[in-house]
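First up is the structure itself, then whatever we jot down about it.
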Amino acid sequence: MELSYRLFICLLLWGSTELCYPQPLWLLQGGASHPETSVQPVLVECQEATLMVMVSKDLFGTGKLIRAADLTLGPEACEPLVSMDTEDVVRFEVGLHECGNSMQVTDDALVYSTFLLHDPRPVGNLSIVRTNRAEIPIECRYPRQGNVSSQAILPTWLPFRTTVFSEEKLTFSLRLMEENWNAEKRSPTFHLGDAAHLQAEIHTGSHVPLRLFVDHCVATPTPDQNASPYHTIVDFHGCLVDGLTDASSAFKVPRPGPDTLQFTVDVFHFANDSRNMIYITCHLKVTLAEQDPDELNKACSFSKPSNSWFPVEGSADICQCCNKGDCGTPSHSRRQPHVMSQWSRSASRNRRHVTEEADVTVGPLIFLDRRGDHEVEQWALPSDTSVVLLGVGLAVVVSLTLTAVILVLTRRCRTASHPVSASE
């Protein structure tokens, strides 16, 4: 049981931690050469604008070959390239922005994330499968100081007002951070009882100051924010409703800066869902930093000691609507996909009401057993009391057995020493 559990975690974390191997298996830098194909079951080549994935049909190393039809890439389930059944490798070749791949910006890199899914289905009229379902995260990292394009970057000295008229898009990011908030979390694994530290950011370059808000967040077992089951973390234009329950989830006060917003979420997993992983999708938006927070643009947490809501900044009145669950008319439904809007020409004439929005996903967050939960250990290794009781029970059984044997032998001896005469 322990071996299969470790194999499951290895398949999920291959290339992300040192649980299975000291070096990542398929996390390659842009332009890096890939290792020998005979060593690894999955190889990834991050090219200038495309992603190439090569999967060995002996994916699990058991000799049981998988079928190419059972493999897909990304949330949009892109199919592999057509290949001969006799080939030992299944190949994918897609654009970096295809198949639903997500892009995040860190301090030093552009990160494109996706996953390889092996979902075996019964063949013909059979109702069984002989291989396991596996979801393998894949990342391509490109240094921000470099240029992934073959065309040179030309400097521009356009002021912000001109950039607004050019309808420039801003860059949003959502990252998992270490507990001290000083660095990005290296491993996506958590124990129940931990808190996930999330940091939302807006990258604006040298433009005028902007203030970032988390409008709403939802957790799902897949990268699709419309999947079921789901759990709402932030709602009603900035109310961190996850803190209403038995969780201590809250926004961090004060925020590091107007362009950054940090918050913690007590980790969880969906009941009756064997995947033990979640993805968190947040709808981020910005306003001008000089604009005061209001009911539509706020960051509010719930305080259990005072049984009230409080904001990261601004008047406490802007959080009162969190109690009613009605904080104004939403720009779009929380559960509907949203495409990043652009700065409009008409809105730029009145910049006080201009906002920019985007949906950003982070994950998977993978959950192990509870901290301090020794049920598995108790199941595997009996406690001292159990050992004593087991020993006493065995001693009683042995004693009763010996007593029965002695009684039988004694009766036979008595019968042999007093034979019954036929004449009598």
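The backbone N, Cα and C atoms fix where each Cβ goes, and this holds for glycine too.
Residues annotated as disulfide bond in Swiss-Prot: CYS46-CYS140, CYS78-CYS99, CYS217-CYS282, CYS239-CYS300. Look at Swiss-Prot and you will find 45-307 tagged as domain 'ZP'. Taken from Swiss-Prot, the feature O-linked glycosylation site covers THR156, THR162, THR163, and the record attributes it to similarity to another entry. Taken from Swiss-Prot, the feature region 'Disordered' covers 330-356. The topological domain 'Cytoplasmic' annotation in Swiss-Prot covers 409-424 and rests on sequence analysis. Positions annotated as transmembrane segment by Swiss-Prot, on the basis of sequence analysis: 388-408.
Here the features listed in Swiss-Prot are placed on the structure.
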residue: CYS46; record: disulfide bond; DSSP (3 states): strand
residue: CYS78; record: disulfide bond; DSSP (3 states): strand
residue: CYS99; record: disulfide bond; DSSP (3 states): coil
residue: CYS140; record: disulfide bond; DSSP (3 states): strand
residue: CYS217; record: disulfide bond; DSSP (3 states): strand
residue: CYS239; record: disulfide bond; DSSP (3 states): strand
residue: CYS282; record: disulfide bond; DSSP (3 states): strand
residue: CYS300; record: disulfide bond; DSSP (3 states): strand
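CYS239 (disulfide bond) sits 12 Å from CYS282 (disulfide bond), taking the Cα positions as reference. Neighbour counts were taken as the number of other C-beta atoms within 10 angstroms of each residue's C-beta; across the disulfide-bonded residues CYS46, CYS78, CYS217, CYS300, the minimum falls on CYS78. Note: the CA-CA distance between CYS78 (disulfide bond) and CYS140 (disulfide bond) rounds to 17 Å.
Put plainly, the disulfide-bonded residues CYS99, CYS239 were compared by Cβ crowding within 10 Å, and the winner is CYS239. Cα of CYS99 (disulfide bond) to Cα of CYS282 (disulfide bond): a span of 20 Å. On the backbone, the CA of CYS140 (disulfide bond) and the CA of CYS282 (disulfide bond) stand 22 Å apart. Across the structure, CYS282 (disulfide bond) and CYS46 (disulfide bond) place their CA atoms 27 angstrom apart.
Cα of CYS217 (disulfide bond) to Cα of CYS46 (disulfide bond): a distance of 30 Å. The number of other Cβ atoms within 10 Å of the Cβ belonging to CYS140 (disulfide bond), over all protein chains shown, comes to 26.
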